[in-house]
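Here's what TrEMBL has on this protein:
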type	residues	note
REGION	1-24	region 'Disordered'
BINDING	Cys14, Cys17, Cys29, Cys33	Zn(2+) binding site
Amino acid sequence: MQEQSTPRRPSRPCPECGKMSQQNSYPFCSSRCRAIDLNRWLSGAYILPPPPYNTDEEE
């Protein structure tokens with residue numbers, strides 16, 4: 001029997017440094033770039049915008 005293998009993701013540029021991504025730290029090129037991105041999320045450097053505020057008063 002042949003084992004089903006999961007398809008590999010295509011390599012793409014690392015969002016931190018631009019080097020090509022590696023399978024073990026996808027979508028980053030290394031654990032260092034992955035840690036840098038995580039630190040930015042945890043420190044509040046990345047924020048999601050709040051939902052739009054509706055000024056119309058609906059009754």
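Backbone N, Cα and C define each Cβ position, glycine as well.
For Cys29 (Zn(2+) binding site), applying a Cβ distance below 8 Å and a minimum sequence separation of six or more within one chain yields Cys14, Glu16, Cys17, Lys19, Met20, Ser21, Gln22. Look at Cys33 (Zn(2+) binding site): DSSP puts it in a helix.
Sequence-distant contacts of Cys33 (Zn(2+) binding site), defined by Cβ-Cβ distance under 8 angstroms and a gap of at least six in the same chain, are Cys14, Pro15, Glu16, Cys17, Ser25. Close to the recorded Zn(2+) site, the chain also has Pro13, Pro15, Glu16, Gly18, Lys19, Ser21, Phe28, Ser30, Arg32: residues not among Cys14, Cys17, Cys29, Cys33 whose Cβ is within 8 Å of the site's Cβ mean position. Around Cys14 (Zn(2+) binding site), taking its Cβ as the centre, 20 other Cβ atoms fall within 10 Å, counting all chains. Classification of Cys14 (Zn(2+) binding site) by DSSP places it in coil, neither helical nor stranded.
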